[in-house]
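J.: Pulled these features from TrEMBL for this protein:
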{"type": "BINDING", "residues": "Glu91, Ala92, Val284", "note": "FAD binding site"}
{"type": "BINDING", "residues": "Phe383", "note": "substrate binding site"}
{"type": "COMPBIAS", "residues": "13-23", "note": "compositional bias 'Polar residues'"}
{"type": "DOMAIN", "residues": "71-476", "note": "domain 'Amine oxidase'"}
{"type": "REGION", "residues": "1-26", "note": "region 'Disordered'"}
Amino acid sequence: MSTPNEHGAIPANENTASGSGRTASRLPRRTLLKAAGATTLVTATGTAAARAAAAAELKNDFDVIVVGAGLAGVTAARELKAQGKRVLLLEARNRIGGRTWTDTYQGQQIERGGAWVDPLQPYVWRELNRYKLPIIADAGVERSILPTLDGFKEYDPTEAYARQKELFTPFFEDGNREYFERPYEPLYREDLVRRHDGFSLRDRLDQLRYAPEDEIRLTSTTSLYGGSSKRGALTHLTQWWALSGWNFDGFHGVNTYRPKDGTISLLKAILAEAAPTLRLNSPVASVEQDGSRVRVVTRAGQQFVAPEVIMAVPVNVWKTIRFTPELPQAHRTASTAGIGVPHEKKLWLDLKRPADRFVAEAPEGHPICIMGRFDVGQPVVAFSVKDTFDVRDRRQVEAAVKDILPDAQLLSYTAHDWHADEFALGVGAFRQPFQLTRLHRDIQKPHGRVKFAGGDIADGWSGYMDGAVESGIRVAGGKPLTAAEIGRLTSAAALRAPQVDRRLYRSMSAF
Ligand SMILES: Cc1cc2nc3c(=O)[nH]c(=O)nc-3n(C[C@H](O)[C@H](O)[C@H](O)COP(=O)(O)OP(=O)(O)OC[C@H]3O[C@@H](n4cnc5c(N)ncnc54)[C@H](O)[C@@H]3O)c2cc1C
């Protein structure tokens, strides 16, 4: 285990906005490109002349330009390749993966972004099976620490699970089986969804008039997912409940499993099959279209032209790119208001004490919503959605941890502030009230020759990796799964994963 750094604060580059920095040298970029069969690479560091030559050379070589090499972008590229299309994939960062980011800390593999996958998530699960990527289950927890009106108390995890189940079930027993009759088609019963879409998670808590000692146990979840209970829409969490099988067991157990070799193993596998021309370090500044073609210009001034463009960047980022003609009103409204949850940070803590496997939840407003250690020897993972919580300030981090675990001894930590990350501007999607009924359908629509993809605008598991894959397939003209296929893929029989007691887990997907 390491010791605290000299100044008691983590190095600034661990919080960098772009998510670039030290990972750059570690990620095997050239290997990646080789694996991907990439044919061309000109980085932003190339000479102006080389850039100009490359731009000219590339000008008309592509059928489609995909912007953004996250899960949605690489999936779209693969689907296009299967149709015989020539694809240019432009990525702003020096790595692929976007809001998934496999890294190392204290010699251990960590995920700075999305981590967990689940058999209830058919698109991503099918991909893992397709590439035969090994899946592991976390070990689960030995104790649960929950907030009470008298401070934090420790519970047996199965006891805590049973009580949370009693408390959470009524939260969703509000006719959702009718209004999300088809959870992968969230507007199938738009007439009914409309009645609920204006409610925030806070509204629902108020409506149910939980006793204060009960409510305090629920706000870790409602604040974490919504960004705050007031921000998050009831219909988004209810849709996840519906996708989880309309019960607490499914909801609570997502996410128990992880790709053994990290989310990057999935990204690399898809990219290798897609074999696009990949350009890293190529943030797109503007997208201009006329009746027959689209011109994409990077910040470095490189220009690419194709008949079609797929923007696979986060919704929150759309507003930072200049579109000509400008984006339709719905797209502008969604990007300005944001769909990706704001202010979220993910931390990995090296705690000398406690060393066991635990999960701790905190009430709304606490700097840390939830933290836990899921395998002995692994660092503790923690999530925050508090805007004033500065993860660069070690004192703030230590105080927040000690408030929940007074005996904790923090040796060191690393963190990423996804809100400050200019190519994310938030974490995964969690819609606000009215965004489903007023914006969802419109922001999926193309803007002329420009299409949109991403986990933020998926129909099913929006906000998860599953949604990113779904959206990438859909936008590239691939075949979305039918209800029967989803049923088959998510059935118990299809569960090719280690069997575990799902009560010992706690949904930590965190956005
Ligand atoms: C902290 C955290 C925890 C999460 N936990 C989970 C989890 O446990 N399970 C789960 O399923 N999901 C989780 N998610 C959500 C999941 O990671 C995302 O929903 C999913 O990865 C989104 O994929 P995407 O391709 O739509 O977007 P992204 O991954 O964001 O990809 C978009 C790409 O576009 C690039 N880009 C942005 N701007 C530009 C530009 N101007 N020019 C060129 N490229 C640009 C970005 O760099 C990025 O690579 C989590 C996310 C975070 C951040």
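Note that Cβ sites are derived from N, Cα and C of the backbone, with glycine treated the same way.
A description of the local structural setting of each listed feature is requested, covering burial, neighbours and distances.
T.: Other Cβ atoms within 10 Å of the Cβ of Val284 (FAD binding site) number 24 in total over all chains. The DSSP secondary structure for Val284 (FAD binding site) is strand.
DSSP assigns Phe383 (substrate binding site) to a strand.
On the 0 to 100 pLDDT scale, the domain 'Amine oxidase' (71-476) averages 95 in this prediction.
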J.: When the Cβ positions of the binding-site residues Glu91, Ala92, Val284, Phe383 are compared with the atoms of ligand 1, which fall under 6 Å?
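T.: Glu91, Ala92, Val284, in sequence order.
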J.: Per the record, FAD is bound by Glu91, Ala92, Val284: how many Å separate the farthest pair of Cα atoms?
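T.: Between the outermost Cα atoms of Glu91, Ala92, Val284, the distance is 8 Å.
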J.: Which residues of the same chain, at least 6 positions away in sequence, have a Cβ lying under 8 Å from the Cβ of Glu91 (FAD binding site)?
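T.: Sequence-distant Cβ neighbours: Gly68, Ala69, Gly73, Leu278, Arg279, Leu280, Asn281, Ser282.
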J.: Apart from Glu91, Ala92, Val284, which residues in this chain have a Cβ no more than 8 Å from the mean position of the Cβ atoms of those residues at the FAD site?
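T.: What remains near the Cβ centre is Val67, Gly68, Ala69, Leu90, Arg93, Ser282, Pro283, Thr298, Val313, Phe423.
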